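Novice: Structure incoming, see below.
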Amino acid sequence: MVRAKTLRHYPSIFTLYNHLTETLGISPDKYTYGYMINICAQMDRLNLAFIFLGRLLKEGHRIDAIIFRPVLKCLCSGDRIKDAAVMLLRKMPKLGAVPDVFSYNTLINGLLSYGNTDLALQLFFKMVKIGGECEPNVITYTTIIDRLCKESDLTEAFGLYRQMYSMGVIPNIVTYNSLINGLCKVGALDRAEKLLLTMVHVGQEPDVVTYSTLINGLCKHGEIERAMELLHSMKSEGHEPDVVTYNILIDGQCKHGEIERAMELLHSMKSEGHEPNVVTYNSLIDDQCKHGEIERAMELLHSMKSEGHEPNVVTYNILIHGLCKLGEIEKAMELLHSMKSEGHEPNVVTYSILIDGQCKHGEIEKAMELLHSMKSEGHEPDVVTYSSLIDGLCKHGDIERAMELLHSMKSEGHKPNIMTYNSLLDGQCKHGEIERAMELLQGMKSEGHEPDVVTYDILIDGQCKHGEIEKAMELMHSMKSEGIEPNVVTYSILIDGQCKHGEIEKAMELMHSMKSEGIEPNVVTYSSLLDGLCKHGEIERAMELLHSMKSEGHEPDVVTYNILMDHLCASMVT
């Protein structure tokens, strides 16, 4: 705001300065020069600021650190940290302007803004060593503590907190809020609550930010009851929760599946005179959609509108996603048209959700039309958009168009991710194009895309279904050599493949291998082995395996029992 106002008055300020100095012949004093330097720095016109600084020195005015503060601030905010450091540590002392704590704080804040925490700490220790006018103050400590907490370096943060007391610097509310936030971030909730008690004990009154921070930490770690207790505590101690506090709690209740309690909180905040906002309603609408309660979600949309709360693109994206998940694609499309008619611009997320919905509904051409629409409206599709379309085309059996789309996205500068490649590999394998899938694997590796366990599971499954068991086993050895650990799905695929290939003993060996590697077989693994044993006529071994499965805590499902019943009935007939 200040900068905007200054920008608006920029010509008149300089006109007045020129009138005073050139027309009236008035010599500017130190304070006039300081004001002009400040204006120039706010305008990011450092060349002019240095001209005024040069005149100030030429006219013999004594300069101090205050003159340099706006220049330092400008350098730090404009990604010229190195220049700011040179000015603070070399130029200012050389010109007789001894840097003070405010000068150092400006540079420290700049360094932290660009992630240079180590350099900021070095500068801090330099301040401690120099002492005097450079002695770190509560702002210095709090600024660094806040950054350390955001980086989850709580050991260093609490070390500085203790140092504050030893240096006679009293922490303020911001210091405590930063530390509580840091503790909540790493899940140290008990310590965070103890720190709240400590600050009260030393006479530092917590504010709504303190309570909201702790409530947020409790909610994020599933401690909803403790969060609600803290809400009651803050009220009983005379601290009024605000809309942010209620939004945190409503979101927490929603994520915990307590929609009715979330609605009660909505009514409570209204009765206390706190107006809900779009964030409040988005949390409630999102929860309703996640539980398939689309009608109630739509009612909430109408309620927020009738109360004068304007939905945003996030609101519509939540609802469109909810409709798509329920297969209500036409209603989702209607909602897209509604949001447009109400002046709400859809974004890349909106279109990606709809494209994915159309693809999952088998409406590939409609999905392609949406891609063209979003492009024509100036919305650039991203890797998620393309991956959804590629997956849809592959599931629809249109591998060639999927490959064409891969080339298109690359030519448009969009880098495919592992999900994009996995969709293509899955499509190729399912349509028997194993060789092309293996070529694509090599292609993605050469482009620097590392395959994951899902990639290998897809390829191993493809090789097994193609009868290439040895190649499937080779792929498992390859993935291990690349440091990718097979999982229960990998082993289940291979065990099923060996069984279908009649290699029961090899399948049993794989079962022992996975167990020795600490990978627990599941009901699918056991069912595949049981089916293989039964087909091989080994009913007795199959029954033994069933008992082992149960004794290890794996409950057979209907598929397992159907396999055994079918084979037992068949053996009785024969």
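The backbone N, Cα and C atoms fix where each Cβ goes, and this holds for glycine too.
In TrEMBL, annotation is done automatically, which means it is predicted and not curated.
Here's the feature list from TrEMBL:
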REPEAT    64-99  repeat 'PPR'
REPEAT    100-134  repeat 'PPR'
REPEAT    137-171  repeat 'PPR'
REPEAT    172-206  repeat 'PPR'
REPEAT    207-241  repeat 'PPR'
REPEAT    242-276  repeat 'PPR'
REPEAT    312-346  repeat 'PPR'
REPEAT    347-381  repeat 'PPR'
REPEAT    382-416  repeat 'PPR'
REPEAT    452-486  repeat 'PPR'
REPEAT    487-521  repeat 'PPR'
REPEAT    522-556  repeat 'PPR'
Novice: Cβ under 8 Å to the repeat 'PPR' (100-134), counting only same-chain residues 6 or more beyond its ends: which ones?
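Specialist: For the repeat 'PPR' (100-134), the far contacts come to 65-66, 68-69, 72-73, 75-77, 79, 81, 84-85, 88, 92, 140, 143-144, 147-148, 151, 153, 156, 167.
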Novice: Helix, strand, coil residue numbers for the repeat 'PPR' (172-206) per DSSP?
Specialist: 26 helix, 0 strand, 9 coil
Novice: Within the same chain, where does the repeat 'PPR' (137-171) have neighbours whose Cβ lies under 8 angstroms from its own Cβ atoms, ignoring anything closer than 6 residues to its ends? I mean 6 or more beyond.
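Specialist: Distant contacts of the repeat 'PPR' (137-171): 101, 104-105, 108-109, 112, 117, 120-121, 124, 127-128, 178-179, 181-183, 185-186, 188, 199, 204.
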